[in-house]
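I have placed the structure first, in the form of structure tokens, so that the comments after it can refer back to it.
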Amino acid sequence: MPRKRRDKPDPNFDTRSPGKKRAVPLEENGGEKVPIVTHEKFTKGMLVEVCSDEDGFLGAWFAATIVEAVGNDKFLIEYQSLRTEDNSAFLREEIDTLHIRPNPPETAFEHFSLLQEVDALYNDGWWVGVISKVLSGSRYIVYFRSTYEEIEFQQSELRLHQDWIGGKWVMPSRV
């Protein structure tokens, strides 16, 4: 069971590419480039997904609920599947908005194709992978670039991968 994070997350850390800094969007302001403030409208009780910067969880998204706002661009969230160390309650922690996104829209999908990018439900979170083999019975082998592992999943444990960019859900290109 994952332990509570001890360090404050780095708001510029890009969870999609471990070791890289997240590009901060800029806009022109009288000839000077300044960061664009993108404030999502997260509200109490809203279901969201939260990414982690902790080793072993980079790039994973975990289901959570907004408990309350705790400052400018920070929220207290409660995970829906991660529990405290003593297993007495669901884990709560303060998260900045760069590590929170709304739940992706559900997309009905008949079957996945070879090399299609997917999110796989594994170890209580959604992990980005690629279909490396299509098996019979709605089963798939998914390859995870970050760990060089292949794991078998049922179709019900997979969803189309989508990125939350600029306040919109975007499907990745197959290029």
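Note: Cβ is positioned from N, Cα and C throughout, glycine not excepted.
Straight from TrEMBL, the features:
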{"type": "REGION", "residues": "1-30", "note": "region 'Disordered'"}
{"type": "DOMAIN", "residues": "40-108", "note": "domain 'Agenet'"}
{"type": "DOMAIN", "residues": "110-166", "note": "domain 'Agenet'"}
So how many of the residues in the domain 'Agenet' (110-166) end up helix, strand or coil by DSSP?
3 helix, 34 strand, 20 coil
Helix, strand and coil totals (DSSP H, G, I; E, B; other) for the domain 'Agenet' (40-108)
3 helix, 38 strand, 28 coil
Given the model, what does the mean pLDDT over the domain 'Agenet' (110-166) come out as?
95
